[in-house]
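Since the structure comes first, as structure tokens, the remarks are kept for the end.
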Amino acid sequence: MNHLPEDMENALTGSQSSHASLRNIHSINPTQLMARIESYEGREKKGISDVRRTFCLFVTFDLLFVTLLWIIELNVNGGIENTLEKEVMQYDYYSSYFDIFLLAVFRFKVLILAYAVCRLRHWWAIALTTAVTSAFLLAKVILSKLFSQGAFGYVLPIISFILAWIETWFLDFKVLPQEAEEENRLLIVQDASERAALIPGGLSDGQFYSPPESEAGSEEAEEKQDSEKPLLEL
């Protein structure tokens, strides 16, 4: 009879430990998971990631910077109107800078269309623009007479070449890997939320019932009453 309270204590301890284990299982908060999923989905609905927007801004900067240098070159070589007519209307591959400006326009249109409008997740568009830019500039530097026209004969081809390769590096090493990493994180969070949904809901303290402890003498009294019942019936 003296071992009964110890058994009751062991039972209570077991129930408390099971309760603690259930709480540990529900340490994953589905609300937090859903909040993270909504944040990732909000980025998708936003249409364009922050790093891709930065890339598009740099492409725009490429066009504006080359345009600015070309306008400066037009103004330096005898006025904008006269030089513009000479380079555009009387275009000469060997001495004109107009084709370098058109090359910047070509990069801008292709890259913005591919990575801002179509939201392409492949490198083929940037590979096309960089290859065309590199081949054209190398041919122009070798065949043309730009170096005899002052500093702009060096500046415009070099700047265009560098900007094209910076765009390639930025897309290939920043934009595409970061977006792929964010997509993998979204898949992991969604998978964790699905697993958390399969776990049964946590049990509250009120759902655990612990029977009241009985005194040692109460069972002895019950046994005496059971033994006296046949005598009373006789």
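Cβ coordinates come from backbone N, Cα and C, glycine included.
What you see is a predicted model, and the numbers here were worked out from it, not measured in a lab.
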**Message:** Using the topological domain names from Swiss-Prot, determine whether LYS145 and LEU187 lie on a common side of the membrane.
**Reply:** no
**Asked** Of SER17, SER27, SER39, SER204, which one does Swiss-Prot label phosphoserine?
**Response** SER27
**Message:** Which residue does Swiss-Prot record as phosphoserine, given the choices SER21, SER95, SER144, SER148?
**Reply:** SER21
**Request:** Select, from SER49, SER193, SER214, the one residue given the annotation phosphoserine by Swiss-Prot.
**Result:** SER193
**Item:** Residue carrying phosphoserine as stated in Swiss-Prot, selected out of SER15, SER96, SER218, SER227
**Value:** SER15
**Beyond the flanks of the transmembrane segment (54-74) by at least 6 residues, Cβ under 8 Å** = 48, 80, 83-84, 87, 97-98, 100-101, 104-105, 107-108, 111-112, 115-116, 152, 155-156, 159-160, 163-164, 166-167, 170-171, 174-175
**Message:** Which sequence-distant residues neighbour the topological domain 'Extracellular' (144-150)? Criterion: at least 6 residues beyond either end, Cβ under 8 Å.
**Reply:** 76-77, 93-95, 97, 156-157
**Complete:** Same-chain residues at least 6 beyond the ends of the topological domain 'Cytoplasmic' (119-122) with CB under 8 Å of its CB atoms are 47-48, 52, 176, 179-180
